[in-house]
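J.: Just dropping this structure here.
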Amino acid sequence: MRLVLVGPPGAGKGTQAQYIASNLSIPKISTGDIFRANVSGGTDLGKLAKTFMDRGDLVPDEVTIAMVRDRLSEDDAQDGFLLDGFPRNVAQAEILRDMLKDWGLALDLVLELVVDDDEVVRRLAGRRTCSQCGRIWHVEFDDKKDDKCDACGGALFQRDDDKEETVRHRLEVYQEQTAPLVSYYAGEDILVGVDATGPVEEVTQRAMEAIRPYLG
Ligand SMILES: [Zn+2]
C-alpha cells in the first residue's frame, strides 16, 4: 500500500501516521525524519540542506525531492510506504507521480484527516506548556483549573504557536496550500476523507476501515 496522509495542524496527523503505518506494516516516511536522518548521517544532501537551514532559509524543493527519492528507494519502502508531510503542493504531487511512474508504480490512496477549524482551535488553543518540565496540559481535556503543572508544580504558559490568532493563521496557510492538493487527488480518484474528531483509537479505526477496500 502506497499512501499519502494529509491533514491540518492539530488533526493528530503524526500520531495517526504512526499507527496506520504500523497496522499496515509499512514505513512511515515524514519529511522531518528524512531531514534529520540526512543531516545527522552527513549525506551530501544533508550537508546541502544544512547550509540553507543554518542561514535560516527554507530548504529548496529540489533538495527535499531528492531526499524523498532516496528514501523511497530504500529496501523497506519497496512494498509500500506512508508519506507524511510530502507532497505539500500540486507541483510536488506531480513530481511524486512521475517518480513513482518511472519505477512502474503509483499511489494507491490519499487519506485526508478532516477536522473543522473550530475543533482545531479548541485542541491547540487549550494547550498549556510547563515552563519547568515542558509537559503539555490541556485546560479542557485535563480539566486544568490552575496555572501550575501537576507533575512538577512549574508555572504553565501558552506557547505563541498555540495562541488562537496564530492557530487560525496556520489553518489559513494550510487551506491555501492544501486545498489545491486535495482537489488534485480527488481528480485522480484516490482521495478518501476520514473524520478525525474523537479519541485517537477511533480515528485510527475509521482510517483502517477507509483503507481496507484499497488493500490488494
Ligand atoms: Zn512541569
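Cβ coordinates come from backbone N, Cα and C, glycine included.
A TrEMBL annotation is a machine prediction, not a hand-curated record.
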J.: Checking feature assignment: region 'NMP' per TrEMBL, candidates 30-59, 60-89, 120-149. Which range matches?
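T.: Feature region 'NMP' in TrEMBL: residues 30-59.
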J.: Over all shown protein chains, what is the count of other CB atoms within 10 A of the CB belonging to G198 (ATP binding site)?
T.: 10
J.: Is any of D57, V59, C152 (binding-site residues) within Cβ reach of ligand 1, i.e. under 6 A, and which?
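T.: Result: C152.
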J.: With DSSP, how much of the domain 'Adenylate kinase active site lid' (127-161) is helix, how much strand and how much coil, in residues?
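T.: Final tally across the stretch: 2 helix, 11 strand, 22 coil.
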J.: So among the binding-site residues A11, C133, who's got the most Cβ atoms within 10 Å?
T.: A11
J.: Specify the count of other C-beta atoms within 10 Å of the C-beta of T15 (ATP binding site).
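T.: Counting Cβ neighbours of T15 (ATP binding site) within 10 Å gives 12.
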